[in-house]
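Trainee: When I checked TrEMBL for this same protein, it listed these features:
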TRANSMEM  7-27  transmembrane segment
TRANSMEM  184-203  transmembrane segment
DOMAIN    205-257  domain 'HAMP'
COILED    245-272  coiled coil
DOMAIN    286-511  domain 'Histidine kinase'
Amino acid sequence: MKHSIRARLICVFGGLMVVILLSIWGVNNWLLEDFYVKDKLKNLNEAYTRIDTELQEEEQSLLTPYSENDDASGLSMILRELGDKYNMTTVLIDGSSGTVVISSARDKDFLTEKIKRYMVNDFGPFDPEVLEKTDNYTIYRYYDDRTDRSYLESIGMFSNGRTIFLMSTPVASIWESVDLSNQFLAYVGLIALFVSIVIIYFISRQITSPIMDLAKLSVQMSHLDFEAKYTGKEKDEIGVLGHSMNRLSEKLKETIGELRSANNELQKDIKEKIQIDEMRKEFISNVSHELKTPIALIQGYAEGLSEGMCEDKGSRDYYCSVIVDEANKMNKMVRQLLDLTALEFGDNSPVMECFDITALIRGVLTSANILIQQKNVKVEFENTESVWVWADEFKIEEVVTNYLSNALNHVDVPDGQDEDSGEKFIRITIEKEKADVRVTVYNTGKHIPKEDIPKLWTKFFKVDKARTREYGGSGIGLSIVKAIMDSHNKECGVENTDGGVEFWFTLDGKTEE
């Protein structure tokens, strides 16, 4: 990822390490020598103070000339200590006699001679640099060709006014130390830089990994995927942010779910409104079409009666019977429309109860016995044992009645048989299919065209309009059957079979205990 936090952390800390190393290198090159010289000056000043204090305490002992074996005095111990501690040689001479009082140097004669020259400002082959000058002493820096080394020397007189001293300390080749230090710094610095980058990499990965998890989580949330959750256990700000995003995810999931539900309800309401408008238009069109014929007949025969076209009683009775018959057809159609409307738009929930479907069918057949005899139809129903089902008994009775009425209205002799010798036949059967019960109503007659089968359950649809008009059908009965079976969440259908047509429906059978 371009400009990632991990890369930036590595660059920042790696750059910081480089800056630190360069700073140390700069200090070594530009400040170390001055610091070293100042430290040497401090040592010389400290040595002067200590020796001067000791001289005041040993005033009388210094009247005795220097002896090689005279190491018992406190001053001798101080000179040895200073020599060991600061790599310093010291020579003290009596200013009045010029004799050496005490010395820690092996070449005391050379130093004594140098003191005498310094006192008269005769520096010989040396060209010393004055580094510090006080009332009692002066500190010089010079280079000695004999030893190829630089020295710092302090020369002057102690506060007693008669003891002259020379303190000399070599200045090491600071540049050799600087070069060595820089080489060491380079090796150690490279190793430290590599180790620090590795450590920073792993530390930054621990820091950035939860951030990357949060980034992935936010991408999933932007795609409306709220299943992923932040699972980090951190107690820091990142952990707080992760758990806040989890709560946000849950809230968004809940809110979007509510919006989707509301949107589905809205779409459902819009769809229902469109369907209702279409059904209303279709209903008005179909009702107008269905009522047009009986109204025209009633109007025609009524006008004939009013204009005295029927002179004899028989004609008047016929006219009146036609008017009454058409009025009955309209009344029947209106009642069926009201029933269908109640099923489609009212409380369509069935009142479930357990009843004997065999007894119900026998009751319907008994009620329709007169019509069966008038149609001269043979009806076969051989079921004798009780078959118990769960359904709304009143509505299922209407389904059976509509199927039977439809069969009686369309029953005919089978195709290929003579109408006089052929037999009109209706057969009702009950079959158990696992947990369901299947009821079929078969009638002999013409097959239904395949393209018309899906339309049978549509309101006002008629396969044979002339025949339907003859028996007063409205095309609503099968729509009522379909609505009732839908309310039970069960199926119904029709099939062309040998010699006729078979309608069927299924119900929930009673489970045998």
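Cβ from N, Cα, C; glycine included.
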Trainee: Could you put numbers on the helix, strand and coil content of the domain 'HAMP' (205-257), residue by residue per DSSP?
Mentor: 39 helix, 0 strand, 14 coil
Trainee: Return the average pLDDT for the domain 'HAMP' (205-257) as a whole number.
Mentor: 80
Trainee: Under an 8 Å Cβ to Cβ limit, what residues of the same chain, 6 or more beyond the ends of the transmembrane segment (7-27), are close to it?
Mentor: 182, 185, 189, 192-193, 196-197, 200-201, 203-204, 207-208
